[in-house]
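Q: Take this structure first; my questions come after.
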Amino acid sequence: MTSSDLTPRQNWTREEIAAIYDLPLDQLFARALAVKAAHWADGAVQKSQLLSIKTGGCAENCGYCSQSASFKTGLKAEKLLPVEEVVDAARRAKANGADRFCMGAAWRSLKDRDLPKVAEMISAVKAEGLETCVTLGMLEEGQAEALKEAGLDYYNHNLDTSREYYSTVVTTRTFDDRIETLGRARQAGIKLCCGGILGMGESRSDRVGLIHELSLLSPHPESVPVNKLVPIEGTPLANSEELDTLELARAIAVCRIVFPKSWVRLSAGRETMSAEGQALCILAGANSIFVGDRLLTTANPAMDKDARLLESVGGGCSKC
């Protein structure tokens, strides 16, 4: 570990990140573990829970997503959930040990007509003693401020992949559209949850590029989710080759080094991994997971499995 590893840097070069990414695995893990020990000495693992508050029918054509109206995945579009149903889910999440509750809506952007109801959800979940997070697509001027006023802590808006590979995955929006919405959320004083998806056919250079783009956000995202692609029948990426677990762990270790003070979340795709593979990713630097049996429309490990996983790596809950 170098002294620069202890302080978040806004001046990472792509070449520097690539050099770290390509380190022998033992050296990479040793460096990541030293950073994790310096900033997260208790070894605790933060737990979030995710709920789809509006499922299906999205106008975007993200090649990985079951909720796009562009693909035949068998998923039916649904209306925005009642506030009471969302609050009930938040209470169950808290009872299960989650300290952050994330609400996701499948649409291109937040419409002003839906803003009051979403704001009510945020306020109600916040009143239950949970941190709040939403993922609502692109934001227009003034919307982020309204969400902040309602009590929003985090806005999730992933960059997905590198700038160069982005148009291979989605063509209904641009990489810079994502950057613009992140800027709106940050300007309103909302913390950022921003990461990407690995295993979409991208190269290692693209993974380096994603991490580099994230490092240019100032300040860094407070939460960096690292997702492993869950191939879904009917989507363009349904037949993607499965990402190697060691490659996923390598990416997580690099994220831990580049984002020393951020939560690095082992996110989607855990249900396809062995307990040993998940433990490796936590040991490599991840200190946050999603709990609950579903992540929007994909499966997630059962609570008892996660309890055994966290016990095996010695990671309790950070705030519970």
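Every residue number used here counts from 1 along the chain in the order it is shown.
Glycine is treated like the rest: Cβ placed from N, Cα and C.
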Q: Figure out which of Cys58, Cys193 sits with Cys102, Cys133, Arg265 in the [2Fe-2S] cluster site per Swiss-Prot.
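A: Record source Swiss-Prot; matching candidate: Cys193.
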Q: Using an 8 Å cut-off from the Cβ centroid of Cys102, Cys133, Cys193, Arg265, can you name the remaining same-chain residues around the [2Fe-2S] cluster site, in sequence order?
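A: Other same-chain residues near the [2Fe-2S] cluster site: Ser48, Leu50, Arg100, Thr135, Tyr154, Asn156, Ser223, Pro225.
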Q: Looking only at the domain 'Radical SAM core' (43-270), report the model's average pLDDT.
A: 95
Q: Taking the Cβ of Cys102 ([2Fe-2S] cluster binding site) as the reference point, list residues of the same chain whose Cβ is under 8 angstroms away and which are at least six residues distant in sequence.
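A: Correct list: Ser48, Gln49, Leu50, Leu51, Thr132, Cys133, Val134, Thr135, Tyr154, Asn156, Cys193, Phe290.
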Q: Which residues, sitting 6 or more apart from Cys65 ([4Fe-4S] cluster binding site) on the same chain, put a CB under 8 Å from its CB?
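A: Result: Cys58, Phe71, Ile232, Thr235.
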Q: For [4Fe-4S] cluster, what surrounds Cys58, Cys62, Cys65 with a Cβ no more than 8 Å from their Cβ centroid?
A: Glu60, Asn61, Tyr64, Ser66, Gln67, Ser68, Ser70, Ala106, Val170
Q: Between the Cα atoms of Arg265 ([2Fe-2S] cluster binding site) and Cys62 ([4Fe-4S] cluster binding site), what distance do you get, rounded to the nearest Å?
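A: Cα-Cα, rounded: 21 Å.
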